[in-house]
Ligand SMILES: Nc1nc2c(ncn2[C@@H]2O[C@H](COP(=O)(O)OP(=O)(O)OP(=O)(O)O)[C@@H](O)[C@H]2O)c(=O)[nH]1
């Protein structure tokens with residue numbers, strides 16, 4: 001009795017245990033799969049909040065919401081938009097993939113590029129979905145197959161020659177504005193369904209731009225990482241460095257300073273374009289701290305100088321560029337400045353940085369003064385992998401800008417960058433025109449960022465321009481270009497002080513990647529090293 005019974009009990013017990021183990025195993029496996037799927041779904045969501053780019057570029061979402069009829073969600077899947085609108089525009093879906101395509105190469109952040117695959121996987125049920133999602137990155141690879149056939153070696157377009165010294169408004173040179181009648185031909189490519197921007201403004205009529213769009217034809221060229229760009233470009237600050245940094249270090253490191261030496265310190269600061277107010281403030285602080293702490297060695301002098309200079313640059317100012325999409329529309333960035341300061345170049349460089357970080361960008365060529373400017377911008381767009389909306393030469397810049405923002409909203413891009421003119425073909429003041437561009441754009445969406453581009457080599461002239469621009473368009477950030485070509489890097493200090501607006505970006509060369517985020521500490525280090 002007992003042996004048989006015991007054997008049976010043992011067998012039953014073993015079977016029961018095996019069943020339990022099997023059951024637990026299955027349960028755990030399923031749980032793991034489900035949570036993995038959730039995790040990935042979360043990952044796939046594009047980052048729309050404040051975000052610190054790997055290369056030190058900082059981007060954030062603007063604060064403003066959309067004003068009028070937000071057509072659809074941004075960077076997210078444009079396909080999911082079907083709204084009350086009965087007629088879906090046929091052109092957009094086609095254009096979207098085009099634009100999205102090249103982005104994929106840039107970085108894994110381009111999660112939104114292939115949106116079509118994602119909705120196909122209803123989250124929970126099939127755990128197998130985990131695999132297909134892993135393969136997503138690969139889908140983007142084919143882009144690399146094509147070599148950069150498109151490189152026009154000249155990184156920037158013509159337009160070099162205009163001397164930027166001309167102060168703000170004067171386009172007095174009166175380029176024969178009558179020259180181009182409205183019938184001027186369109187430049188290449190097919191018209192992009194021009195629906196009139198049915199604006200209902202009493203004072204301004206905005207004709208449709210009958211703009212054309214230029215999609216990034218080929219896969220964009222590879223954009224190098226922006227990591228540590230300011231440091232890498234330190235050598236470019238060479239001239240400012242020897243004037244300001246080395247000059248001051250030589251004086252302060254020399255030991256006890258008499259009045260003559262302090263005067264020399266002052267002169268050095270003034271010569272580097274820091275302006276008298278900033279100079280006084282810096283000298284005051286240096287004197288005070290040297291008296292309290294004493295400076296015995298070159299290292300102490302460097303440390304003190306660094307501290308005071310960084311303080312003068314307002315290290316706490318918010319410098320992120322508001323170029324990240326809102327929930328229902330792209331960020332809108334308006335790039336303004338006098339001709340020749342580097343607006344188009346900066347717009348192109350900024351597009352590259354954003355694309356490299358995985359964002360979808362659309363460029364608006366609202367500089368309709370000369371065809372070459374739009375051409376130049378479109379070339380930047382092609383190389384970076386961004387679509388460009390442009391009008392014919394002489395078209396109303398406001399309507400081109402309007403079209404660009406509408407197009408960007410419809411196709412769900414992350415950011416629309418609008419390049420504006422630095423002079424005009426009509427007698428309308430540049431400032432009036434710029435104000436109009438902003439107002440018209442804001443019928444659709446608030447402008448998140450107004451970047452004023454200033455040429456660092458123009459010194460005081462740049463400041464005069466800056467004041468005029470600020471009165472009209474509420475500048476939110478300054479881009480100081482051509483810092484590589486001046487010994488007056490101190491203009492950075494003055495611009496911020498005068499305008500109360502942070503320098504957000506600096507241009508350190510003509511190359512496509514010679515744009516750096518402005519970081520006070522790194523900048524001062526570059527001056528003093
Ligand atoms: N050295 C140097 N040159 C720059 C920099 N940024 C722009 N440039 C050059 O400045 C020139 C003018 O640049 P654009 O971008 O055409 O200037 P813009 O303000 O758009 O000019 P308009 O279209 O005439 O209003 C070009 O030759 C650029 O290559 C910079 O940071 N350093």
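We number each residue from 1, going along the chain as drawn.
For all residues, glycine too, the Cβ spot is worked out from N, Cα and C.
A TrEMBL annotation is a machine prediction, not a hand-curated record.
Database features, via TrEMBL:
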- 6-28: transmembrane segment (TRANSMEM)
- 37-227: region 'Disordered' (REGION)
- 52-65: compositional bias 'Gly residues' (COMPBIAS)
- 108-124: compositional bias 'Low complexity' (COMPBIAS)
- 125-149: compositional bias 'Acidic residues' (COMPBIAS)
- 151-160: compositional bias 'Low complexity' (COMPBIAS)
- 167-177: compositional bias 'Low complexity' (COMPBIAS)
- 189-216: compositional bias 'Low complexity' (COMPBIAS)
- 337-344, 419-423, 481-484: GTP binding site (BINDING)
- 502-515: domain 'SRP54-type proteins GTP-binding' (DOMAIN)
Check your understanding: Within 10 Å of the Cβ of residue 340 (GTP binding site), how many other Cβ atoms are there?
Key -> 21
Practice item. Could you list the residues of the same chain, at least six apart in sequence, whose Cβ is under 8 A from the Cβ of residue 420 (GTP binding site)? Key: 334, 335, 336, 343, 366, 367, 397, 401, 434, 437
Point to revise | Neighbour count (Cβ, 10 Å) for residue 483 (GTP binding site) | key: 28
Review point. Counting by DSSP, what is the helix, strand and coil composition of the domain 'SRP54-type proteins GTP-binding' (502-515)?
Key: 0 helix, 6 strand, 8 coil
Review point. Cβ under 6 Å from ligand 1: which of the binding-site residues 340, 343, 420 qualify?
Key: 340, 343
**Study point:** Candidate with the highest Cβ count within 10 Å, taken from the binding-site residues 343, 423
**Key:** 343
Check your understanding: If you run the three-state DSSP split on residue 340 (GTP binding site), which class comes out?
Key -> coil
Study note, to complete from the structure: residue 337 (GTP binding site) has its Cβ surrounded, within 10 angstroms, by a count of other Cβ atoms equal to 30
Revision key, fill the gap. Taking every residue in the domain 'SRP54-type proteins GTP-binding' (502-515), the average pLDDT works out to 92
